[in-house]
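The next block holds one structure in the form of structure tokens; read it before the comments.
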Amino acid sequence: MEPIVNVPENTDQLPSSLPSDVSDENDSVTIKMKIKLFLCNHWRGLICFLVPLLLIPVHFTIPTEKYQWCAYTLVLMALFWVTECIPLPITSIIPIIIFPLSGVMNTTTTCKCYMNDTIVMFLGSMFLAYAVEQSGLHKRLALCAVRTIGYSHYKLLFAMSFITMFISMWITNTAAATMMVPINFALLQVFEEQNILKIYEIGPDGENIASDITTCYFCASTFSATIGGIGTLVGTATNLVFKGLFNKMYPDAPEYLSFPKFSAFAIPLMLILEILMYLNMLIVYLGFLRPNSVAHKSSKITPDGVEAAKKSVEQEWRKLGRITFWEIMVIILFSLAIVLFFSRSPEIFLGWGNKIVQIFNLTDRKFVLDSAAVTIVCFLMLVMPSTTQFMEYFKNKESMNQPTGPIPSVLNWNIMDETMPYSFMFLLGGGFALSEAAKKEYSDLNGKIGQILKNLSFLPNFLIILLIIIFTTFITNFASNVAVCNVIAPIAMQLAKEIGVNPLWYNIAVGFTSSFCLLLPVGTPGNLVVQSAANIPTLKMIKAGLAPSLATIIVTWILIYFWAPIIWPDLHILPPWL
């Protein structure tokens, strides 16, 4: 019989000396948990504190040279941009703090980088995009395409993809991808009601996740928006960034990146990439060229399903009604902007911008830029009426029928002002400030980088371009497109200068590929929108985007090496303006 042991009711009376192994184990687990929780919750703060300290060795001489301060700022901003430990726009204003205090550039020069022609052009392109969204014209275009092309999966996917690509040429990629979310859901819901497909399937943890066909439609939308963004200068902010960086570094260069020349190169690239992306979706998800596959058999839509889908689209089309005066005004003013862009200084005939230079005997060939054209159109959008209600003053004689309030304009400033991403101005400006400070007259960081990059001059040019494209495509899937372009483009242009080719060549290689986020959700907001809307697992998005990503690398490499020199004939030489 075991002896009875009196156990104290109050645990405080327990012996303080527990076995050492148990005590150490509990303490060890607790400490690990605390460290883990601390790192999970406060890793951004740690990066903000540690990175500036760890980069101090960049200042390896005393006194510190200006180029070292510029390099320190560049690396610090690059790490902050990639990790997003603080908001991207806040990182972008770091040059305003460091450059004046370190003697690299004065405050006035630094701050001027945050408002220039490129940034005004960005604002103008956003104004144009908001006018399209507010009028609902983009939805009419999408539904019109679906009604025209047809209702099989092949036709529907084609309509969804190519109309998203076209719209994304003129409005932001995120807006174009977001626009397609309700349209995709509406069509898929009709097919699900006919037992043709399932929008969701059960995931490993019992949750609803996007089925393969849902992944196909939604990923095709966001990928098409990304690809369409490269088609015109106003399609995405990245295009304006690499154009602005080039103009900032080489102000004496000809206007290589005019609207017509940019699109002459970009549109063939855009169309090829879109066709390959569409074919990839057909093969992987709809069984194209695989007649015995499960995907091919499940992609067939019954006649009842076609009629149901047609009925749903027609219902949405009837809700839109006849085209409104508002939409007509947007079409007219948007078309005016496109005409002004293409005819300002096309270099194939005398543009209106060239004519102004001639009339006033100006020496500056770039006296009038696209920002002037877009500002004219945006001003008209803000003052022109969106309805014909003002005509009632002349039609109706009775006072009771007279309008009683102001008439909304084509672009509603108050609505736009609530959602306008003004912070992108700082993001662009931060890159321009870095580019300006790296010049010879300020810090000559470009010259120092050039000395290092001379070691790559033994590589053939085609291989260097390929490496630039692969590296940029990889990095841009993990960080902001604009930030990646801001960091890599100036280095690539300096490399081109050291090798003896036109810096524009490597600049466009970085500029276009920094837009190609076709793998991870974090690469671009459009991917995040469709992932969250349709519950697409990350692995499914990677599967959908892997082949298109490889295609973008190969096709972009081929066109930049062979097609770009046709558009810009002096890429193979070091131009005299350098």
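Glycine is treated like the rest: Cβ placed from N, Cα and C.
Ranges compared are 164-183, 504-523, and TrEMBL records transmembrane segment for 504-523. The transmembrane segment (113-132) makes contact with the transmembrane segment (323-342): 3 or more of their CB pairs lie within 8 A, with pairs spaced 6 or more apart in sequence.
When Cβ-Cβ distances below 8 Å are used as the criterion, the transmembrane segment (367-384) is approached by residues 117-118, 120-121, 124-125, 127-128, 131, 233-234, 259, 329-330, 333-334, 336-337, 340-341, 344-345, 352-353, 356-357, 360, 409-411, 413 of the same chain, each at least six residues removed from its ends.
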